[in-house]
């Protein structure tokens with residue numbers, strides 16, 4: 001079954017004794033290369049003599065042509081034969097397979113990097129479920145214990161049943177309250193408008209709109225003693241499409257798994273801020289960071305129908321609270337009529353366990369700047385088969401590694417070092433990437449150029465979707481103009497053309513939409529904590545016509561290879577396009593003589609964000625005046641940044657690229673700009689989110705928020721206990737933001 005990985009001699013040999021950046025690796029990969037290469041190659045030879053772009057002018061074209069859709073298809077098939085739950089033998093075996101294949105592909109160094117982190121598993125002998133009990137305490141209904149197996153997978157026995165990872169154990173019972181999506185505003189509606197108290201109740205919420213961990217946190221704050229999560233057809237069933245296996249919709253018994261943590265970037269709950277290695281100090285389980293305090297369990301919509309059909313109490317406040325089930329969506333509390341004495345009971349027996357996980361880290365050393373790292377990473381662990389999440393991304397990473405290895409075997413090397421990562425335990429709170437970044441944080445802060453995330457390659461087949469730092473906007477726009485669009489009706493046109501038409505920006509007329517980085521994926525620690533420029537790209541659905549959350553079969557047993565091959569991307573042309581985008585981003589970042597970062601795009605973004613947060617504040621004009629709140633300092637800092645960025649850009653245009661010292665100075669200014677937005681003290685209550693310009697929303701981890709410190713200070717400010725103190729905090733956050741932008745501008749000034 002899903003037994004946690006046991007320590008073994010082979011695990012030790014491949015794992016802890018091969019920790020990445022160990023002394024031997026440093027000597028092999030960096031000490032000799034850096035000292036000799038820097039002294040002789042950097043100062044004696046012109047910097048562009050040894051770059052691949054000069055030696056092999058067609059290498060970028062060769063790289064893109066070498067990427068093959070059929071290889072991605074083959075890799076995806078291979079990666080989805082068995083489940084790969086973090087901490088299990090299957091996932092360890094896949095790590096060893098990737099380790100061996102990356103070596104065969106030709107990387108200079110491939111190692112396993114292991115950590116002992118807190119994971120969560122269901123109890124095999126005491127399954128989790130939800131029941132309805134009558135007044136005598138007898139069960140009259142219980143939810144399904146497992147999903148039906150998809151065709152062709154009936155004989156695979158190690159499928160973990162649906163559960164909410166890190167839910168505490170417990171058997172709470174009580175009246176049921178329907179809380180819509182369990183968002184902050186939903187609980188405000190219940191408590192402030194409808195006067196419904198959730199304290200001591202069991203609440204049921206539909207998946208969607210916000211991260212499930214935020215739902216659980218909101219339920220806790222409302223006093224609930226348990227929460228049930230379900231996938232409503234309105235959010236996970238597209239009209240006109242059949243359910244799996246005949247289509248890509250969610251069957252009634254399909255269930256979304258997922259963690260319900262609120263880590264806020266802490267990493268392993270027992271070692272927040274520090275790597276979970278062999279000598280790490282670990283908190284007691286009772287002191288673990290980010291764990292929920294109330295039992296949680298997910299169910300499918302067939303079971304949800306049974307729980308909701310006899311709900312009594314208040315009618316839903318408006319149509320936005322109604323889903324796609326044939327129930328009235330009454331809020332409760334409790335059942336109606338003859339069912340009024342029945343209660344709902346959770347039976348949760350999951351357990352937490354310190355378990356070993358394994359990242360795979362591959363290195364392709366740079367020829368000119370081996371001490372500058374461009375990182376491509378995506379996770380490998382899956383809740384079950386992971387047909388989309390994550391293996392559609394892992395297969396693309398595998399093909400990109402193979403392609404870079406092919407070029408290397410022909411004598412090519414990138415200018416800068418490229419690191420490739422197959423992360424473990426992403427589904428349990430981004431643990432693999434966070435622990436590795438924590439272990440190597442000092443090196444990464446000094447040498448990290450960029451991080452490109454490579455989770456799911458598709459969540460639809462409509463158009464490109466990009467989230468990234470403004471530093472990468474121009475890079476993405478330029479490279480998509482060079483790539484062909486895979487979309488029907490855009491034959492002979494560029495990816496940029498189809499992207500711009502299908503997903504236009506709401507902020508910048510005539511440009512495609514690029515979104516802010518939030519969280520919920522492995523770029524978090526690199527961007528939000530370390531300040532390394534980051535980006536991600538994948539193919540997505542038509543969000544205008546398709547209102548479902550994510551894709552319907554997300555984190556269910558039905559996320560199979562066949563789902564992708566039959567319904568989403570039969571020819572794998574969209575996977576290939578995503579490989580080209582991700583690969584080209586890495587290629588440009590690792591190979592361009594001048595880093596392809598655009599600080600002027602950052603200036604434009606800062607101006608937009610400052611205007612947006614100011615407009616939000618002006619919802620309170622009287623208070624702004626009474627408490628003498630001014631945004632003048634922030635707007636002044638943004639104007640200064642804009643002026644300095646313009647002058648910096650002019651120096652880039654005039655740069656003598658044959659002068660290695662000047663080249664290094666300007667590249668370092670570009671590389672460290674993102675770092676300049678990092679506040680070591682972090683955001684209020686979220687010390688591991690340190691980026692002052694961007695952070696995950698406090699109310700939805702998946703979404704990005706600009707000037708998050710100011711935004712959070714303003715949120716629901718009229719209902720704060722101490723209004724005067726709340727407005728002083730707004731003033732403080734404005735000053736922090738203004739200082740940070742001004743300080744960042746200073747890093748771009750010409751070095752005297």
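Just so it is clear, glycine is given a Cβ too, placed from its N, Cα and C backbone atoms.
The substrate binding site annotation in Swiss-Prot covers 212, 259, 426, 519, 520, 521, 536, 537, 538, 554, 555, 701, 702 and is backed by similarity to another entry. Taking the Cβ of residue 212 (substrate binding site) as centre and 10 Å as the limit, one finds 26 other Cβ atoms among all the protein chains shown.
Around the Cβ of residue 455 (Zn(2+) 1 binding site), the same chain contributes 378, 379, 389, 390, 393, 426, 521, 522, 536, 538, each under 8 angstroms and 6 or more positions distant in sequence. Swiss-Prot lists 379, 389, 455 with the feature Zn(2+) 1 binding site.
Taken from Swiss-Prot, the feature Zn(2+) 2 binding site applies to 389, 427, 555, supported by similarity to another entry. Neighbours of residue 555 (substrate binding site), defined as other CB atoms within 10 A of its CB across all chains, total 25.
Sequence annotations record features per position, and here Swiss-Prot assigns N-linked glycosylation site to 48 (among others) based on sequence analysis.
The feature N-linked glycosylation site is assigned by Swiss-Prot to 78 (among others), with similarity to another entry given as support. DSSP assigns residue 78 (N-linked glycosylation site) to a helix in the three-state reduction.
Annotation comment: Swiss-Prot describes 123 (among others) as N-linked glycosylation site, evidence class similarity to another entry. Cβ neighbours of residue 123 (N-linked glycosylation site) (same chain, under 8 Å, six or more residues apart in sequence): 349, 350, 351. Taken residue by residue with DSSP, residue 123 (N-linked glycosylation site) is part of neither helix nor strand, so it is coil.
Following the DSSP three-state reduction, the secondary structure of residue 155 (N-linked glycosylation site) is coil. Around residue 155 (N-linked glycosylation site), no same-chain residue six or more apart in sequence has its CB under 8 Å from its CB. Per Swiss-Prot, the feature N-linked glycosylation site maps to 155 (among others); the stated evidence is similarity to another entry.
Summarising the environment of residue 197 (N-linked glycosylation site), the number of other Cβ atoms within 10 Å of its Cβ, over all protein chains shown, is 13. Positions annotated as N-linked glycosylation site by Swiss-Prot: 197 (among others).
In three-state terms derived from DSSP, residue 338 (N-linked glycosylation site) belongs to a helical segment. Annotation comment: Swiss-Prot describes 338 (among others) as N-linked glycosylation site, evidence class similarity to another entry.
The feature N-linked glycosylation site is assigned by Swiss-Prot to 461 (among others), with similarity to another entry given as support. The Cβ of residue 461 (N-linked glycosylation site) lies under 8 Å from the Cβ of 539, 541, 568, 569, 574, each on the same chain and at least six residues away in sequence.
When secondary structure is read from DSSP and collapsed to three states, residue 478 (N-linked glycosylation site) falls in the helix class. Residues or ranges marked as N-linked glycosylation site by Swiss-Prot on the basis of a large-scale study or a structure entry: 478 (among others).
Sequence-distant neighbours of residue 615 (N-linked glycosylation site) (same chain, 6+ apart, CB under 8 A from its CB) do not exist here. Sequence annotations record features per position, and here Swiss-Prot assigns N-linked glycosylation site to 615 (among others).
Residues or ranges marked as N-linked glycosylation site by Swiss-Prot: 640 (among others). Residue 640 (N-linked glycosylation site) counts 17 other C-beta atoms within 10 Å of its own C-beta, drawing on all protein chains shown.
What Swiss-Prot lists as phosphoserine is 10.
The annotation region 'NAALADase' is assigned in Swiss-Prot to 276-589.
Taken from Swiss-Prot, the feature topological domain 'Cytoplasmic' covers 1-19, and the record attributes it to sequence analysis.
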### Task
Could you check the binding-site residues 379, 536 and say which one's CB has the most other CB atoms within 10 Å?
379
### Task
State the three-class DSSP label for residue 536 (substrate binding site), counting H, G and I as helix, E and B as strand, and everything else as coil.
strand
### Task
Enumerate same-chain residues with a sequence separation of six or more from residue 78 (N-linked glycosylation site) and a Cβ-Cβ distance below 8 A; give 'none' if the list is empty.
none
### Message
Whole-number answer please: how many Å between the C-alpha atoms of residue 640 (N-linked glycosylation site) and residue 702 (substrate binding site)?
### Response
31
### Task
Around the recorded Zn(2+) 2 site, report the further residues of that chain (criterion: Cβ within 8 Å of the mean position of the Cβ atoms of 389, 427, 555; site residues excluded), sequence-ordered.
257, 258, 382, 383, 386, 390, 554, 559
### Residues near residue 702 (substrate binding site) in space but at least six apart in sequence (CB under 8 A)
210, 211, 518, 519, 520, 696
#### Entry: CB-centroid shell, 8 A cutoff, Zn(2+) 1 site 379, 389, 455, site residues removed
378, 382, 386, 390, 393, 394, 426, 427, 456, 521, 522
